[in-house]
Amino acid sequence: MAKLIAFALVASLCLSMVLCNPLPEEVQEEGLVRQKRVTCDVLSFEAKGIAVNHSACALHCIALRKKGGSCQNGVCVCRN
């Protein structure tokens, strides 16, 4: 009985995956959207006296192998 239930579960999962796939003419390829202001808008906050404002931007720029960076008008600008 347990094998029958397991088989029915696997079969229903496979069937649902096949039915949920979009048709080839329905597939829409959209470009990747980059949010350039995330490090300066979302991550600029202060909690218990600790401000993250320009630190998140500087870390982002260092990860891009730049010398650092800061927020200017809500946009992270990296130094060369």
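Glycine too: its Cβ is placed from the backbone N, Cα and C atoms.
In the disulfide annotation of Swiss-Prot, C76 is paired with C57 out of the candidates C20, C57, C61. Disulfide connectivity taken from Swiss-Prot links C78 to one of C61, C71, namely C61.
Listed disulfide-bonded residues: C71, C76, C78. The one with the lowest count of other Cβ atoms within 10 Å of its Cβ is C78. C40 (disulfide bond) has C57, C76 nearby among the disulfide-bonded residues C57, C61, C76, C78, counting only those with a Cα within 10 angstroms of its own Cα.
In sequence order, K67, G68, G69, C76, C78, R79 make up the list of same-chain residues 6 or more apart from C61 (disulfide bond) whose Cβ falls under 8 Å from its Cβ.
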